[in-house]
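Visitor: Under the heading Zn(2+) 1 binding site, TrEMBL lists A:86, A:97, A:193. Annotation comment: TrEMBL describes A:97, A:132, A:386 as Zn(2+) 2 binding site.
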């Protein structure tokens, strides 16, 4: 037999772990700055691991530093259920983005321990390394490697903005594990996350069942020009790579406004240049931009405009542009059966829920390429996130935690 | 009696010092990267000081690190003649920008030693610290302090892009001198420099007599926005300081093109932002731009457009903009009598010369606020500078060196 339909997660125990985690890697007032593979990340990992071990879980670390905390089932030959998210934060991050999902997984297994219930399939709680990409770009690199999108050698060789190498930092903090970074067979992946958008809060909903993500297309481009004196060099002889980059960012920001009426967005996210000094024109620049829109065809059109704008900006400034990297994600990627399972639990327990699309990237996007995947969104105040003002109350997690608990157990006992 | 009208500077001796200096602080092929107060700057200073001491000069260093190498006159109660420029370079600089003027001064005193001629007034060869502003902003900070524009405490507290403090770096390299950084009475200041523009080379002239500088107006501005997730945040709730900075740079670059027909220029020189990462909107940015035009009224109009564009860019992105610093220089600032003296020597020796306006900033601009000042330009290939391709031949300095020699002696013997 399974757990009682009336079983509920222990909200105050969950909140205690949230509060303890918010002491690690403090940033601006109320916020966190717990960058991937930093000392604070190590400290958080150590605490998470100790909680898992206290709960009787078997902890393994893979070659990308992701942590897998396993609770055996009655039939361990069956593929496991994974519940995961990430412990790292943005440089000016909040206290819920990521870790709420990991600690929700921990609460599920703790509750099962309380109830003395052993599921048929094993359950594994996962922390994915470097979800944010705030120190090492790209984001979600460990889950991407796990499903085979990235090569582990390439991941280890990533260099952060501070000059540190991913693989060296993994070793330094003691989280370069023995387990290969490679997904085996997985029965299902669940991720609870805060919405990072204003919809649930504005509609006063208790929870969102995520059907997929806004299609997103991004690119990283470099510009090559020529250093010269800013004084005498005539405009038509200038090859100012910084100006080219600024023109691209401006065009992309315009693109966001052009499509804003139907909730399109375009982001001028990053621009660096060299030497980037007064008195000298820059000969190199690098920039990152992306576009997103609820409709995939529109996203594709926006991406094409972003691409044309890149070469137009470079040409205007006498520079060469090269697209160094491109990515796209989102769409209706989550599993209909898992989604229906989540809706069923929401209805059964009487929560005020709605279907919702994610607007941010998540490790779940990569997992969805490998196994049935679903996500649950908890509301957050005004949708503010990637900011120290990010804010949730314990009440914001009641529906999400309990839907997760019952959906996971239903799947694991199947 | 004074020196013979037929006396000439020793070109090959001058060139030997240029070649020796080009070994110190090598950068990209053929160029230099001898940033102010770096180890390479110290090495160059040490060599320059040893040359001065060999030439019998008395070397003093002031509190801003500028080096003053003095050759006594027959009446040392009279105000001296200064000949100066700078030993530091841009991060991707050339082998002539700055140092040619310092070594020209050294050649003048060496030639006077050869001739056994002691001028009536003392002559002082000067190296001004941090002319380029490539490590510590603003440029020309030591000459500005010397004439009273900047306070020495403020100069010592400047922080470079590498986090180093100006005053600490002065001490580290052993060039924090005892002499107060304060100009006494000066009879005249001469500076020889490469043109850093294409005019002399294009017209095949041997030398330019500088009448003044293009009026320049620049500003450093900061933008304040708010970090937020790049995904869900709607365009109308974004306050992306990086996008605001990019918009300003784009508008300033456009401004340059608008006025290019009459040789106006506008420079998008520098942009930094924080966090400047994919996935998060930046909440702060800082940018430096300037405009210049041969006509001062047009420069003023361009500067006003640049200012309006700043607030327009900030408003478009929901950010606040603050002008952190503003500067203007240039105009007809040089001394008519000194200029006429230079023209006289050029005519007398039969050089192919022309009057010219400087388009770059020079320490001479600050000196001109304090004492009669003049500049001489040597041609440089295609006007390329602030680039490792900067190129001159010994022949490019023949006219400049000899005009400097005779004009200085005429003035010093007056």
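A Cβ is built for glycine as well, from the same backbone N, Cα and C atoms used for every other residue.
TrEMBL labels come from automatic prediction, so no person has curated them.
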Visitor: If proximity means a C-beta under 8 angstroms from chain B, which of A:86, A:193, A:386 count? These are the binding-site residues.
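Guide: Sorted by position along the sequence, the hits are A:386.
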Visitor: Once the DSSP letters are reduced so that anything not helix or strand counts as coil, what is residue A:193 (Zn(2+) 1 binding site)?
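Guide: The three-state answer is strand.
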Visitor: Which number gives the other C-beta atoms within 10 angstroms of the C-beta of residue A:386 (Zn(2+) 2 binding site), all protein chains shown included?
Guide: 31
Visitor: Check the Cα distances from residue A:386 (Zn(2+) 2 binding site) to each of the binding-site residues A:86, A:97, A:193 and keep only the ones within 10 Å.
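Guide: Cα filter at 10 Å returns A:97.
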Visitor: Distance between residue A:97 (Zn(2+) 1 binding site) and residue A:132 (Zn(2+) 2 binding site) at the Cα atoms, whole Å?
Guide: 10
Visitor: Using an 8 Å cut-off from the Cβ centroid of A:86, A:97, A:193, can you name the remaining same-chain residues around the Zn(2+) 1 site, in sequence order?
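Guide: Those within range, site residues removed, are A:85, A:96, A:98, A:99, A:100, A:101, A:131, A:194, A:362.
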Visitor: Whole-number Å distance between the CA of residue A:193 (Zn(2+) 1 binding site) and the CA of residue A:132 (Zn(2+) 2 binding site)?
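Guide: About 13 Å separates the two Cα atoms.
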Visitor: Could you give the Cα-Cα distance between residue A:86 (Zn(2+) 1 binding site) and residue A:132 (Zn(2+) 2 binding site), in whole Å?
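Guide: For residue A:86 (Zn(2+) 1 binding site) versus residue A:132 (Zn(2+) 2 binding site), the Cα atoms are 8 Å apart.
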Visitor: By the DSSP assignment reduced to helix, strand and coil, which category contains residue A:132 (Zn(2+) 2 binding site)?
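Guide: Once the DSSP labels are grouped into three classes, residue A:132 (Zn(2+) 2 binding site) ends up as coil.
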Visitor: Have a look around residue A:86 (Zn(2+) 1 binding site) and count the other CB atoms within 10 A of its CB, chains all included.
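Guide: If we count other Cβ atoms within 10 Å of residue A:86 (Zn(2+) 1 binding site), we arrive at 29.
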Visitor: Drop a 10 Å sphere on every Cβ of the binding-site residues A:132, A:193 and tell me which sphere holds the fewest other Cβ atoms.
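Guide: Sparsest of the binding-site residues A:132, A:193 by Cβ contacts within 10 Å: A:132.
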